[in-house]
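Here TrEMBL flags 23-287 as domain 'NADH:quinone oxidoreductase/Mrp antiporter transmembrane'. Per TrEMBL, the feature domain 'NADH dehydrogenase subunit 2 C-terminal' maps to 289-342. Under the heading transmembrane segment, TrEMBL lists 59-80, 92-115, 152-169, 190-216, 236-253, 274-293, 323-347.
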Amino acid sequence: MPPTLTSTMLFTLGIGTTITFASSHWFLAWMGLEINTLAILPLMAQYHHPRAVEATLKYFLTQATAASTLLFATTTNAWLTGQWDILHMTHPLPATLFTLALALKIGLAPLHIWLPEVLQGLDLGTGLIMSTWQKLAPFALLLQIYPANSSLLIFLGLISTLVGGWGGLNQTQLRKVLAYSSIAHLGWMVLVLQFSPALTLLTLLMYFIMTFSTFLAFKLTNATNINALATGWTKAPALTALMPLVLLSLGGLPPLSGFMPKWLILQELSKQELALTATLAALTALLSLYFYLRLSYALALTMFPNTTTGTPPWRFQSSQLTYPLAVSVTTTLLLLPLTPSIMALLIP
């Protein structure tokens, strides 16, 4: 794809998300989501590989179903309440339909089936956009209607943390592992959404930073499965030494930065007298931690078999920019000591 067309698609992607952010009317919010979906489709299919085309088609059909459900929910709400404003989603029927439509859009379990298959068919750059930027617009809408579906949100959150941890256990493809990681992290965000929206935003921000580091690191070393991680020592030794810390931070292992949002979420759930929910969420986090440990082991404690031991394989010098990766990895590893300052800024 020519750079001009790529820039146009990325600009349109940003415009669609911005329209959803700025809208107070359901029709404008729906229009922003549709612009967002249509803008990413050419980026997904740009390499014309059969797997990429299949992933693009699956994504389009899923997002079209979610958009149709969303439009039906908003029309039903206008019929029942006479209001088109986002903040007037008060009737339980359209609120439930709308929550399920947004859950389908972002890939919350049990509406997650499309996400691992779609992410597996994409290159790592487009997969990064799918795992980060595409979550912003639906979350902006969820944050505005969260008081209406307390039990449903807790159910979706618990199921997502369980499916995200359980589904990633037996995966060897890194993009599928990151897809199940996305499902699990979304579950944590949804669990605390109704009690502390600021904490949800903090968790979303931390997830973006850690996922950004992980995708860029895999893209730099050209790794798409677990066996390819073993070649990292010969390609980028310093990065390979730091990546297990980034992966374990994604798993929420203390004292790394990813532990901060999970710790605060468990604390908030305990304050809301949801001890059982907090316990189940903590147990499902152990499942996620296992496959992050598996990736860390393959990355740091195994060597790819070479005919000459210790000789780096011949390769071209990488032309990829490493400054964004350096900044994101440093941020990922150093955010935990700043927890009191972040809480003071985001959580009143």
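Note: Cβ is positioned from N, Cα and C throughout, glycine not excepted.
A contact between the transmembrane segment (323-347) and the transmembrane segment (152-169) is absent, since fewer than 3 of their C-beta pairs, 6 or more residues apart, lie under 8 Å. When each of 59-80, 190-216, 274-293 is scored by its Cβ pairs under 8 Å to the transmembrane segment (152-169), the top-ranked stretch turns out to be 274-293. Through the fold, the transmembrane segment (59-80) approaches residues 26-27, 30, 33-34, 37, 40-41, 44, 88-89, 91, 93-95, 97-98, 100-102, 104-105, 114, 118 of its own chain, all at least 6 residues removed from its boundaries and within a Cβ separation under 8 Å. In the predicted model, the domain 'NADH dehydrogenase subunit 2 C-terminal' (289-342) has a mean pLDDT of 72.
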